[in-house]
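Notes follow the structure.
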Amino acid sequence: MEECSTGALVPAVKPEPKPSSIEASADPGSNDVDCPANEKGLTEVDKDLLCPICMQLVKDAFLTACGHSFCYMCIITHLRNKSDCPCCAQFLSTNQLFPNFLLDKLLKKASARQISKSASPVEHFRQALQQGCEVSIKELDTLLTLLAEKKRKMEQEEAERNMQILLDFLNCLRKQKVEELNEVQTHLQFIKEDIGAVERRRMDLYRARDRYSVKLRMLGGDDSISGARKSWPSSIDNNTSSLSGRAGMSSWNLQSKKLDGWGLQKKDALSASDSQYMTQSGLAVARKKRVHAQFDELQECYLQKRRQMANQPYIQQERDKNVIQREGYTRGLADFQSVLTTLTRYSRMRVIAELRHGDLFHPANIVSSIEFDRDYELFATAGVSRCIKVFDFSSVVNDPADVHCPVVEMPTRSKLSCLSWNKFTKNHIASTDYEGIVTVWDVNTRQSVMEYEEHEKRAWSVDFSCTEPTRLVSGSDDCKVKVWCTRQETSVLDIDMKANICCVKYNPGSSNCIAVCFFHYQYWDLRNPSQPLHVFTGHKKAVSYVKFLSNYELASASTDSTLRLWNVKENIPVRTFKGHTNEKNFVGLTVNGEYIACGSETNEVFVYHKEISKPVTWHRFGSPDLDDTDDDAGSYFISAVCWKSDSPTMLTANSQGTIKVLVLAA
């Protein structure tokens, strides 16, 4: 497939083989062949009745010319391959085999004795009756009575056991249902308390709105209008009584004109108000639909937060000092309200700008990385076109031009895989390429500041520290994670991971902690590089990206078509996100305070809320050059995504080289 439609594949990393549990548990002494059941009861003399070949009781005994006895089938099978006796090695042929009738008789007796030893009393009694044992009628009646009593006793015991099993099941079921009932009652109590708190809060908001409305009317000079309204009825009454006079008629006409004018103004005001009300009503209905669409997820989110913070009162923040105190508002309810608000606020993504990354001379236009600078004023793109392009974000969004030119272009020797802006020095940006070179660039001078060539294979990822401006970390296909300092020409730390590194990221709150991903992801403290702090497992295939939402929340993406949210502080998985398709390519991952976004191999961008496992919304890239029915249209995929800080705006790019600025919309 052409390079323009396929990007770099996620390395197929595999964990080191573990020793087989079967091999580990193998015991040399446990390989003994089980002794036959009928052999265990044999004495030393009885062992002479065993066939020397199969070591079982001889069956259809045949005697050889040299005096040894074997099973007929055993000795015949042996003589097909060899012409000697298995015991003494003398020459032997099938003509020298004779039936051993005496041994057969002895074997039958031995078998009968063995059966007699293992037979039950009932079997002995049955055999005695079959052999004609004399039993009187009285003895038979006694035996029948005993058997009937034994039968009733066994039936009684069986019935008691069945009743006990049924009782245990019912008790277990009752316990489970009581626990569920208690849980439901607890949930109902939470809901009841929260309904009361929300109703009180809503009434407070209504009263506050009425007070603000009164103040606005007073400030807007509505007193004169209300005074006119009071005078109009009296004027009308007076003029009605003097309709016969000309002066009265003119006065009435004058008042009628005033009334008509006021009526038109009132009608226009009401129309605008109605229009605004209809718009708000439509938005409310749309948000309710979003709630119902995610109802099960929201229910679980609400109950989880309510249980976690059931006894924690809502702490009013400093910025909320002027807001009415929320009586009975728990922290869990407040957190859930925040989730509900952010989740239902948006339902789609709208394109506000679009540009092409490549040109006619570079058909390979896959954008492998797209990143904002420190102040979110510039953004840089890089990919297989061997060039870093820096664009001014405001110009791209505000300029309606079809072609947007970059403000800076920096050509490179090799295809690029990743970019990372310095969080302190605005004009510094780092890149990694397919030759394993890590480069720090100065955007102002368009020149490289430092070049590190220690990686032996393709480098996939680089990241500047958020707390230490001179530190950056990189990962490569040579299975090495290297920490660099922009003041030194060599790496300051080297960690061997034993697997291809797909992504490395600094914790935003520490220059000592990094997340590294390959077939799973590990959390490392660089002060102790001998072993990771935590190893997070759960993805079924290679992990391609990791991104920190906060100092303790981290999102990971994998080619098993899932995203996962982890708590690195408590070392636990939080949630799994499903909806997009990602089985082989790097499709991008980006996070902000509330949302996680990623690409898909269906040429779509998916947005998830961090509290909900299903997508909030998604946007499909259209191809301006290809028909939707074109066979090549389905081969494109999203290759890079990046949020603009915590805003609803996002940069996205696909393997065709199309870059879109998307914004979440209602």
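In case you wondered, yes, glycine gets a Cβ from its N, Cα and C as well.
Feature annotation from TrEMBL assigns compositional bias 'Polar residues' to 232-247.
According to TrEMBL, the feature domain 'RING-type' maps to 51-88.
Here TrEMBL flags 1-33 (among others) as region 'Disordered'.
The region 'Disordered' annotation in TrEMBL covers 228-247 (among others).
What TrEMBL lists as repeat 'WD' is 452-484 (among others). Sequence-distant contacts of the repeat 'WD' (452-484), counting only residues of its own chain at least 6 positions beyond either end whose CB sits under 8 Å from a CB of the stretch, comprise 11, 417-425, 430-440, 490-511, 514, 516, 524, 526.
Taken from TrEMBL, the feature repeat 'WD' applies to 536-576 (among others). Remote same-chain residues near the repeat 'WD' (536-576) are listed as 10-13, 502-510, 515-523, 582-584, 586-593, 596, 598, 608, 610-611, 613 (criterion: CB distance under 8 Å, separation of at least six residues from the stretch ends).
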Taking DSSP H, G, I as helix and E, B as strand, the repeat 'WD' (536-576) contains 0 helix, 24 strand, 17 coil
With DSSP, how much of the repeat 'WD' (452-484) is helix, how much strand and how much coil, in residues?
-> 0 helix, 18 strand, 15 coil
